[in-house]
Structures are given as C-alpha cells and as structure tokens.
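TrEMBL annotations:
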BINDING   HIS66, GLU67, HIS99, GLU100  Fe cation 1 binding site
REGION    147-175  region 'Disordered'
COMPBIAS  147-156  compositional bias 'Basic and acidic residues'
BINDING   HIS231, GLU232, HIS264, GLU265  Fe cation 2 binding site
Amino acid sequence: MASATPNSTTLSLRESLCSEATPLAVRFRALFSLKHVAQTKPGAESIAAIDAIAAAFVSPSALLKHELAYCLGQTGNSAAIPHLTAVLEDLDEDPMCRHEAAEALGALGDAKSLEVLNRFRDRTEEEVVVKETCEIAIDRIEWENSEQRKQEKLRQSDFASVDPAPPMPESQKSVEELEKTLMDTSLPLFRRYRAMFALRDLASPPDLSTAVPAVQALVKGFADPSALFRHEIAFVFGQLSHPASIPALTAALGNLEEASMVRHEAAEALGSLGDEEGVEETLKSFLNDKEIVVRESVIVALDMAKYEKSGQTEYALIPEVTGMA
C-alpha cells in the first residue's frame, strides 16, 4: 500500500481527525479538508491525505468511519482502494461502514474491485444493505467501463459529487417517467438510482419549474422497502437543500422505527437546511436520541446549520485546525 510523508497542514488535519478528544464537528471539518487536499493536490500530497483519512478507521464512531469511506470514494484516487477493500472485508465492522466502503469502491470505478464486490454481493449470510450496495457498485463499475457510457448524453449536473449511479440520459427527463422508474421495485437498484439522481438534477436550482415536482417525486422514495434506498433519498435531499423536503426529512428523523442509517442521513440533510425556520429546533430535540449514530449526526448537522447561517463560503476548510481542537 502506497504511503507518503504528510506536510505540516496534512499532519495537523490528521491529528485533529484521529484524536478522540477532538469535538466530532471539528473532526468532520478536518475530514472534508483532507478530502479537498486528496482531490486537488498532486502525487505524494494526495496520497498523504488519503493515508490520513484512512488512519481514522480505528475510531469507535460508525458515523465518522462511514464518512471516511465516502470521502475516500470521492478522491478519484486508486490509492484509496486497499483501505476501502479492507473495511468491506472486515466482518466485525459496522454494516453502515462496510456499505459505504462498497459504494466508494463503485465511485472509484476500478474494474479490479469487481472481484471483492461480487464476493460480498453473493455472500449468503451478508447484511442486506451491504449486498444491495455491492450490487449497485458492480453495475456502476460495469457502466463506467462500457461503450454505453460513451454514447450517453448526460445533463450537466450542478453537483460535483461522484454518485452511486449516474443520472438517466438527458433524453429521459420527464418527472413523471422518472418517478415511475424510481418507484418500480422490479427494476435493478442501479436503474432506480439513475432515476433518483436525474430527479435530483431536475430539482436544482430550486427555482427551476421542475424542482418542486421532482422533490415531491423523491419524497415518495421514503416509502420504499429498502433502507439503503431510503437513506439515499435523504442523502439527495441533503445535496439539494430544498425547503420542500423539510417535512419529509423531519418525519424520517422523527420515526423511531426507521433504520438508524436513514434517520442519521435525514438529520445531516436537515443540517444543510439550517438557515430555514424551525430546523435547528427540530435537530436539537434529537440530541439525546437513543441511537448514537443519530445523536452524532445531529451534532454534525447543528454545526452545518451554524455554517449555513454564518455565510462562510466553504464548510470544509479549516485555517487553523490546532486552534479549534
């Protein structure tokens, strides 16, 4: 596994990220800063940032570890693959973290990851959320390396993220048609995800004529039988930060029978809407939730809400990490 000597900034961020004494919200900001370094710096600096992110997988926080895996998948750097493969293969790891590692391998798009993804998709006693994520990741890698991809015309997205599935091609863009595909449980999850991300793109910017209908179509996804699918709906709402999603996100967070991975994603999505009336109060009411991943998500979401209200231009970057720990 390749490694590199970190510079002082990366080392400071790594220390903040890996310290259990550092407040969780600060650790998240350090993580997003390291992701930025990994995405934008050349060679050794990028690898040092990837190593720094991976070093925090020893944390007891499933929320943090799942976010580490997500960020590694967004780096576009194959140096992250061994770290992510190790998380997926660790049967003692939280399923939410293992699912995120599988999704991240899909985002990186390397065909060499197909072996491990196929293995856990087909593992008889595997957690459903991991099996489903491996299925989507396999389809994404196969699409990434296909002739079909070269022929498709995709709408330019407002979002820079590498998604679990690309949006549907531009020619298939009616909200009604996309909603039908989104909710058809007989279809492969990858295809339904493509409809999901196409609807996301039709909901941005928020004043687009299709925005509210697209949000309303996405809300219906919260009734899906798959917890993985419902959690992705919440993630998309976090990207959109559309006020029309607040009632559905609040209901998902407040449903104590809902899977914790869905509730935590709903909390973080509400954090991105922190400047909207009543959102902070809603989040604060879950600070003592019975689920630790929800409690921690609320802490991070309230930090995001504070950022939304502050007018800062970038949530991720921390000028002086050591001063904030």
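Cβ coordinates are placed from backbone N, Cα and C, and glycine is handled just like the others.
Annotations in TrEMBL come from automatic prediction, not curation.
Look at the binding-site residues GLU67, GLU100, GLU232, GLU265 and count other Cβ atoms within 10 Å of each Cβ; GLU67 has the fewest. Here the Cα atom of HIS99 (Fe cation 1 binding site) is found 14 Å from that of GLU265 (Fe cation 2 binding site). Looking at GLU67 (Fe cation 1 binding site) and GLU265 (Fe cation 2 binding site), their Cα atoms lie 11 Å from each other. Rounded to a whole number, the C-alpha distance linking HIS66 (Fe cation 1 binding site) with HIS231 (Fe cation 2 binding site) is 13 angstrom. Other Cβ atoms within 10 Å of the Cβ of HIS231 (Fe cation 2 binding site) number 24 in total over all chains.
Within the region 'Disordered' (147-175), the DSSP-based counts of helix, strand and coil residues read 6 helix, 0 strand, 23 coil. Within its own chain, HIS264 (Fe cation 2 binding site) has LEU63, GLU291, VAL293, VAL294, GLU296, SER297 as residues 6 or more apart in sequence whose C-beta sits under 8 angstroms from its own.
If you take the Cα of GLU232 (Fe cation 2 binding site) and the Cα of GLU100 (Fe cation 1 binding site), they are about 11 angstrom apart, rounded to a whole number. HIS66 (Fe cation 1 binding site) counts 26 other C-beta atoms within 10 Å of its own C-beta, drawing on all protein chains shown.
All chains included, 29 other C-beta atoms sit within 10 angstroms of the C-beta of HIS99 (Fe cation 1 binding site).
Summary of the Fe cation 1 site environment: with the site residues HIS66, GLU67, HIS99, GLU100 set aside, the chain residues having Cβ atoms within 8 Å of the Cβ mean position are ALA62, LYS65, LEU68, ALA69, TYR70, MET96, CYS97, ALA101, GLU103, ALA104. Neighbours of the Fe cation 2 site: apart from HIS231, GLU232, HIS264, GLU265, residues of the same chain with C-beta atoms within 8 angstroms of the site's C-beta centroid are ARG230, ILE233, ALA234, PHE235, MET261, VAL262, ALA266.
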